[in-house]
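This report refers to the structure that appears directly beneath it.
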Amino acid sequence: LLASTSKPQKNGGGTALWPLRIPPDSSSHPKDLWPQLSPRLPWARAGRAPRGWMETWVQSICVSLLKVPLMFGFLYLFVCSLDVLSSAFQLAGGKVAGDIFKDNAILSNPVAGLVVGILVTVLVQSSSTSTSIIVSMVSSGLLEVRSAIPIIMGSNIGTSVTNTIVALMQAGDRSEFKRAFAGATVHDCFNWLSVLVLLPLEVVSGYLHHVTRLVVATFNIRSGKDAPDLLKIITEPFTKLIIQLDKSVITGIATGDESLRNRSLIRVWCAAGGLGAPPNCTSPGHCSGNSMESLHNVTRQKCEHLFTDTPLPDLAVGLVLLAGSLVVLCTCLILLVKLLNSLLKGQVAKAIQKVINTDLPHPFSWLTGYFAMVVGAGMTFVVQSSSVFTSAITPLIGLGVISIERAYPLTLGSNIGTTTTAILAALASPGDKLASSFQIALCHFFFNISGILLWYPLPFTRLPIRMAKALGERTAKYRWFAVLYLIVCFLLLPSLIFGISMAGWRVLVGVGAPFLGLLFFVGLVNALQARSPGRLPKWLQTWDFLPAWMHSLQPLDNLITRAALCCTDRCRSPEGWDEREGAARDKARLGLDNPALSYPEEMPGPALRVGSPRLPPHGATRL
């Protein structure tokens with residue numbers, strides 16, 4: 001009302017508010033004040049509200065109400081695109097994954113088994129698929145449980161790539177990208193650190209194998225019902241219209257069934273009502289085992305999805321689905337972030353942040369993280385996928401609604417939730433596969449429990465949080481570093497370790513031991529440079545004695561900026577190019593010189609221009 005009664009001043013000095021006489025009775029309705037406005041404003045007459053104000057109010061209410069169902073709709077499409085993305089990866093690399101699992105001599109090497117678990121899970125984008133292959137191989141006698149444990153550890157690492165890809169979608173804003181990437185990579189850091197400690201311990205002592213075998217022998221395990229697929233009930237009606245796969249083809253190739261090598265993964269024949277087809281049946285005459293008998297007892301009909309009668313090979317269909325699912329994934333995530341930004345602002349955002357990030361009352365404050373683990377485990381059990389849960393909270397971390405300190409226990413709980421789902425699925429196995437599948441599921445469970453005991457109970461042991469924050473800072477400064485991190489950590493490094501491990505234990509130890517020693521030395525020196533540099537020799541208090549490319553990403557950043565400029569401008573070099581201002585001109589021409597989007601270290605100062613080849617003096621340069 002005060003804003004409505006403002007009038008412009010004659011001298012151009014802004015607006016003046018006309019005083020209103022508000023009755024002392026607090027129960028007076030605002031419409032009782034409108035008669036006072038009638039001599040002042042033409043639209044205020046005897047309790048009649050302005051039409052423009054009322055229309056604006058109704059419009060804002062309708063828009064706010066429409067945002068909520070829109071948000072759930074985009075979330076539904078986001079989850080469905082994750083499912084289709086997994087199917088696309090299985091079509092493109094599923095048979096390769098089966099061939100990787102096929103070589104049992106390789107899998108007997110624990111380091112090679114770890115790398116195989118990572119690569120296969122990255123290829124098929126599903127830890128449950130890789131785990132089901134392992135269960136089939138163990139139950140058929142092709143693989144021992146002890147050899148399967150490193151593969152389970154690797155699948156735990158590989159499944160965390162999905163939410164890291166999701167974090168890339170928030171690269172437009174540096175602060176959001178920093179938080180989102182840190183929240184996504186805290187899962188990676190936890191898994192890598194746990195493997196670095198627990199894999200050597202398992203190789204030396206075999207504690208996971210012994211503990212799980214004791215549990216299986218102690219309890220009288222009987223087959224039961226499968227885990228409830230609560231999320232699939234909602235998503236499958238839509239995703240089945242796009243693609244349906246016969247995952248038993250991958251398992252058959254892994255277990256040595258050569259007749260399935262030329263078989264398509266795309267399911268063509270389903271049972272009546274689209275409830276699925278008998279195992280290993282992708283066409284009327286292509287069934288294996290006892291599936292032919294069950295096929296005669298089931299009414300068959302063609303599956304109804306987009307690629308039922310496609311002449312394209314599996315790889316082509318997989319690439320088409322990969323491109324389409326990534327487009328839908330990116331679009332839904334961007335729209336979700338924008339909707340959440342508009343809904344979670346002001347007092348609403350502060351209230352939600354306070355509820356989520358506040359600890360329990362004082363005597364029980366130490367239980368807050370464990371309560372978050374229970375919540376993460378429960379939510380993962382409901383959605384039946386740790387990738388879906390961690391990918392869904394990644395945008396919230398980027399927006400600042402969930403802090404990295406709270407996201408860490410939620411992620412650890414998600415790891416536990418996905419193992420409980422595997423345990424229930426193992427209990428539904430047939431009698432001949434029950435013991436082995438249940439033991440493998442328990443190995444996955446106890447591996448995550450051991451990792452939590454290592455990296456959570458004491459505050460100083462929560463290294464994954466500090467590592468993830470450092471990665472977030474680095475990625476916010478150099479946004480291309482996120483793509484480099486994905487390629488190195490999930491493709492190049494596992495492939496390199498796999499190749500070295502194939503040369504034998506001596507080569508692996510000869511190369512790996514010096515590398516780990518150097519990594520430990522660099523971490524120790526960095527810690528001393530930050531906290532007590534006086535304890536170090538003067539020449540070691542900074543890394544400035546090394547070439548710039550060995551202790552800074554700035555030279556590589558300049559190279560990538562020049563390469564991007566060459567791609568956009570066809571390598572046209574302006575006349576009189578000033579090397580001292582090269583990087584600044586590059587960023588200006590690429591539209592990256594906006595101060596609002598610049599990182600503090602990139603802001604020009606009075607004594608130094610951005611892009612100068614000589615670095616300013618500083619206390620310590622971190623490697």
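For all residues, glycine too, the Cβ spot is worked out from N, Cα and C.
TrEMBL labels come from automatic prediction, so no person has curated them.
Annotated in TrEMBL:
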REGION    1-21  region 'Disordered'
TRANSMEM  74-93  transmembrane segment
TRANSMEM  105-127  transmembrane segment
TRANSMEM  147-169  transmembrane segment
TRANSMEM  315-337  transmembrane segment
TRANSMEM  370-396  transmembrane segment
TRANSMEM  408-428  transmembrane segment
TRANSMEM  434-458  transmembrane segment
TRANSMEM  478-501  transmembrane segment
TRANSMEM  507-528  transmembrane segment
REGION    592-623  region 'Disordered'
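Comparing 105-127, 370-396, 408-428, 478-501, 507-528 for CB pairs under 8 angstroms to the transmembrane segment (74-93), the maximum falls on 105-127. Between the transmembrane segment (478-501) and the stretches 105-127, 315-337, 370-396, 408-428, 507-528, the greatest number of Cβ pairs separated by less than 8 Å involves 105-127.
Long-range contacts of the transmembrane segment (408-428) within the same chain: residues 127-128, 131, 135, 156, 159, 186-187, 190, 221-227, 369-370, 372-381, 384-386, 389-390, 393, 402, 434, 437-438, 440-442, 444-445, 448-449, 451-452, 456, 462, 464-465, each at least 6 residues beyond the stretch ends and with a Cβ under 8 Å from a Cβ of the stretch. With a cut-off of 8 Å between Cβ atoms, the residues of this chain six or more beyond the transmembrane segment (105-127) that come close are 85-86, 89-90, 92-94, 96-97, 133, 143, 147-159, 161-162, 195, 199, 202-203, 250, 386-387, 418, 490-491, 494-495, 497-498, 501-502, 508. Here the transmembrane segment (434-458) has long-range neighbours at 131, 134-135, 138-139, 145, 148-149, 152-153, 156, 190-191, 193-194, 197-198, 208-209, 211-213, 215-216, 221-223, 369, 373, 408-409, 412, 415-416, 419-420, 422-423, 425-427, 464, meaning same-chain residues at least 6 beyond its ends whose C-beta is under 8 angstroms from one of its own. Residues 75, 78-79, 82, 125-128, 159-160, 162-163, 166-167, 170, 180, 183-184, 187, 227, 229-232, 333, 336-337, 340, 360, 402, 406-407, 409-418, 420-421, 452 of the same chain, all 6+ positions outside the transmembrane segment (370-396), place their C-beta atoms under 8 angstroms from a C-beta of that stretch.
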